[in-house]
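Structure record follows, encoded as structure tokens.
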Amino acid sequence: MEPKWSNTVCKRVLLTGFTLCVVLVTKPSSAIDIYANSEVMMQNGTTGVLRCTFKSSEVVSSLTSVTWSFQSSQPDNQFFKAPYTIFYFSQGTGFPVTNEFKERVQFIGDINKRDVSIQLSPAQFSDNGTFFCDVKNPPDVSGTPARTELRVVLKESLPQSNTTVIVGAVCGVLLVLVLIAVGACIVMRVLHNRHDYEGCTSLESMSSQAPQPRKKVESGLEGSKSTIPLGPLQGPVIYAQLDHSGSKNSFHKMEPVVYADIRKN
């Protein structure tokens, strides 16, 4: 009886040890987070992008795979009943699955940057529905696929983007400021020219009406002084000294100075 008991105990110990080793060595898988836009609008016949990124605690490797699926919102569409895989990416290569999207789906993401977006060109009305993005990055394989509602509409139905509104508002404000600055410059220039014109006219009238000052002419001979008024049209004054001796050796007698005043009438 003892040998049988010993064998049973040994087996149980070995089994327990093996289980512990497996638990300690094997790392449990963690969840992967996947993100995508909840809703995207595209114009019919144009190129659009379906964004999808993921967050994983594991390093991206060749085992990382991406699966895009589509479920139509139109009852008469072949993809209406359930999501169908339309694109698969693995080991750096993309594989379109269905003929409906074979020529229109292209992988434009960078898996090393955790970007697994695809491009849809051209968008069609039959693409209205839900697109699912699923990523596996072993051992991170447990995660909920992200979903994007796609609406393909006419150009007239597209909402105006905020960027366009902001750019238009800024351009309008700048245009108004430029017009105000130009108007202010024109007004200042007109006022400056008018001021210069009025200043010149007033100065000319003042100079024409101002009386000329009266000058005094002093004579040093015999201590006499003579004051001669000089008008606006007064001519030059001539000074003359006469010699009555008639001889070369005779003494030159100083005579009073004779003033000749030549004026124009």
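Using N, Cα and C of the backbone, Cβ positions are placed for all residues, glycine too.
Among the features that TrEMBL reports, signal peptide is placed at 1-31.
Under DSSP, the residues of the domain 'Ig-like' (28-151) split into helix, strand and coil as follows: 10 helix, 60 strand, 54 coil. What TrEMBL lists as domain 'Ig-like' is 28-151.
Annotation comment: TrEMBL describes 165-187 as transmembrane segment.
The feature region 'Disordered' is assigned by TrEMBL to 203-229.
For the domain 'Ig-like' (28-151), the model's average pLDDT works out to 93.
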